[in-house]
Amino acid sequence: MSWIFGYGKKDPQLLDPSQEMPPSTGKVEGGLQISESDMKKMEAYRFDSAALERAAQAARELEKSKHAKEALELSKMQEVTKQQELMVNMKAYEAEIERGKVQQKQVDAEERRKTLQEETRQHQARAQYQDQLSRKRYEDQLLQQQKINDENLRRQEESVAKQEAMRKATVEHEMQLRANLEMKKIQAEMEAKAKADRENRDINLEQIRLKAVENRATILESIKTAGSVIGAGVQSLLTDWDKMMVAAGGLSLLALGVYSAKGVTGVTARYVEARLGKPSLVRETSRFSFLDSVQHPVKTVKKLVKKPSDALSDVILAPELEERLRDVAIATKNTKKNRGVYRNILMHGPPGTGKTMFAKKLAQHSGMDYAIMTGGDVAPMGSEGVTAVHKVFDWAGSTRNGLLLFIDEADAFLRKRSSETISENLRATLNAFLYRTGEQSDRFMLVLASNTPEQFDWAVNDRLDEMVEFNLPGAEERERLVRLYFDKFVLQPAMEGNKRLKLAQFDYSQLCSEMARRLDGLSGREIAKLGAAWQAAAFASHDGVLTEKMVMDKCMDAVNQHKQKVEWQSEQEKRESKSIGYLSAKDNSTTIIVKKSKSPQSKASSSASPVDSVKTTPKS
């Protein structure tokens, strides 16, 4: 019933502005164009009597109805509800407008922020470009200054070279003038002397004649006088029998005294040489004689006050080998202290694995003297080798402190006697050695070193009490050696500061571990030479700074040189030598079976030396 009271009309101001107006296609009344919708609205307000009658009829029926009041209230409530819905829609529209404003502000703020970021980026790019330009200008200035300095240095060098050339030319000119002056002076003196000789020729000849006559007369008178005296003496001696007997006895006693003195002098000299003098075969010794004590008193005092050192100090070996050598050192020291009988030792293995170093340390640890000789000096002596060997053992037996006689490369003269290559002189020398070492001694200890122990004569092997094998260093030992020699040859001189050696900044520990991994197969001596090579590289550089690249370059050079040396070895050397350990002695435990071929000459003594040997290299 809203149409009765006018609630059904919509306020044209509350229409949604977003809705589009329909196109105007209506009539034109009074000069105005009216659309069809407006015309329909206008028709709705026209008076319609039939509609009024129907409304009055409906109102009468409603008044008669018992639910008229409730219907009216319901209609009012519907109209209120519609008004509230319209208000809610208006509020939502206003909120949407406000939200659009907020979003517009957010968009403006985001655009403003992007603008600021772009401006900041442009400023940074401009600053970086200006910094690059300034750096470029500075580098150009440095380059220009370097060129100027180089040009000045070149000019100075040219000036110095010119001055040196002028000075050299001046000196040469002075020497030439002096030489010409000397020649002219000598020529003038010779001409003057020749002129004087020509002028005094007659006088000189006369003087020569007079001197010849006087010399002839003097000689004749001397001969006559000597003949008369000797003749009178001989006649007197022959006529007097007692004088003849006295002369014969005197001459006999004189000859006897001369020969006796000569023999006694020779015996005494040989005794003194055997007891006090160092034999010719001994290359190095720590034993001091009386003459050495007089010549080197400081060394003698230091030796007397020096305490015994550890036998394995600065000697880096495998743990199993160190344990065995320590037992040998303790036994030798106790033998020296209790005046027992020394045991003879054979140390064999690749060269440069520490055999000679341990022998010296063993002697110092035990309080003994050491003497080093090499087997290569015995063979060239020929027939004198027997005498030289006896002198060495006589000299070794005369010590009071005990002597460690170390024979390096002993296989050079202690080869198998059944071999055809050994000479008679070398065979006699070997027999002399076997004679002097037939029994163990409490005076000296014999230590042999060899790279090929299988070449020893069986009798030599019989005189050995213990055999120790020195293998190439493993991974752990190589790293310890590298660190030891890097500290000795690089770090300590660099810290002292009194040498032309500086060290760049890099990780020394990691570098030593890396080098130890690459130096597989190298001996301790080769690693020690590598330390000297690092030091030489620093000395050869223009600023004396040792860099990581220089260290690694020297390391790789050592590895390549070692491989080249191995390639140069012949097949025989590769079969006999143990220096090819890196081909098989890796860091893991490996079993190596070495078989030696039997020659017809060595079949008789095949039981003398081990033919097949099995060696197990422990894991480092």
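Each residue, glycine too, has its Cβ placed from N, Cα and C.
TrEMBL: automatically predicted annotations, no manual curation.
The compositional bias 'Basic and acidic residues' annotation in TrEMBL covers 101-122. Per TrEMBL, the feature compositional bias 'Low complexity' maps to 599-620. Residues annotated as domain 'AAA+ ATPase' in TrEMBL: 341-474. Positions annotated as region 'Disordered' by TrEMBL: 1-31, 101-132, 593-620.
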Counts by DSSP class (helix H/G/I, strand E/B, coil) across the region 'Disordered' (101-132): 32 helix, 0 strand, 0 coil
Segment confidence, the domain 'AAA+ ATPase' (341-474), expressed as mean pLDDT: 88
Helix, strand and coil counts within the domain 'AAA+ ATPase' (341-474) (DSSP): 58 helix, 29 strand, 47 coil
